[in-house]
Amino acid sequence: MLIAHSIADLRSALASRGRPAFVPTMGNLHEGHLSLVRQARTLGDVTVASIFVNRLQFLPHEDFDSYPRTWEADRAQLEVAGCDILFAPREADLYPQAQTFKVQPDPLLADLLEGHFRPGFFTGVCTVVMKLFSAVFGTTGGGTALFGKKDYQQLMVIRRMVEQFALPVDIVAGDTCRAPDGLALSSRNGYLGPAERTKAVELARALRTLSDAALSRPVADWPGLEAAASDALRGQGWQPDYLVVRRRADLQRPDTAPRPGTLVALGAARLGSTRLIDNFEF
């Protein structure tokens, strides 16, 4: 596996290698990331992963400084998974100057749910993804990028960005990987203490219960179902930000009874000091 730190070195490594399949990450890798890398190997001529903890998508009070950096383990896992090129830029490589130009996503999609509770988050995400796409695909004529469904709203925002800017990038979604008890794998699960880890699956169960209830009740009842789901989770010791049911297409609440297979239940809640997100399509 070749490791490139600068954009120039990355582009040199990609020269004459064909179409890349690219998996962007912030490191601290788990099976969800590695499954995307393995899938990428079937979708391009050369498999590229990146590790970069992007300061722009963290709010001032969030965990940028404490976010786990596990370079040696990540590098070894990527090599075993079959990654051809690891792009690991330093901050000065990706942001050599203050990033005064930013990508502002559509507020109808990016200012609700995660965007409401983490203002500016998706601006930071879109800006770094645009820079990464430029680095990886800028001299290759396009390719494929893979993102996990666990970060559902992020996936949708990036898809919309690619459409709006007519980028020559195919976005492929990977299914959420889960622990045997049903907890969605996440780099932030490592923050959980033993007792919290046992309880953490309660978020997934709450979303399953909410999705089942939504299918059996009219749309007019959904706000009450969502409030009850949040109250139940709060009673189990969580601090919920939201538990909602939305259309997959645009993350809005339907006006009329939707067809099964077009909806997603999404949730975000804090257990102790750890904020977890999850979702279920149904």
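Yeah, the Cβs are placed from backbone N, Cα and C, and that goes for glycine too.
Take the CB of K150 (ATP binding site) and look out to 10 A: across all protein chains shown you find 19 other CB atoms. Marked as ATP binding site by Swiss-Prot: 26-33, 148-151, 185-188.
Look at Swiss-Prot and you will find H33 tagged as active site, proton donor, backed by sequence analysis. The DSSP secondary structure for H33 (active site, proton donor) is helix. Applying an 8 A CB threshold to same-chain residues 6+ apart, the list for H33 (active site, proton donor) reads V23, T25, A49, G148.
On its own chain, Q57 (beta-alanine binding site) has G120, F121, F122, G124, V125, V128 as residues at least 6 apart in sequence with a Cβ closer than 8 Å to its own Cβ. The beta-alanine binding site annotation in Swiss-Prot covers Q57, and the record cites sequence analysis as its basis.
What Swiss-Prot lists as (R)-pantoate binding site is Q57, Q154, and the listing cites sequence analysis. DSSP assigns Q57 (beta-alanine binding site) to a helix in the three-state reduction.
For the binding-site residues listed here (N28, Q154, S187), the lowest count of other CB atoms within 10 A around the CB belongs to S187. DSSP assigns Q154 ((R)-pantoate binding site) to a helix.
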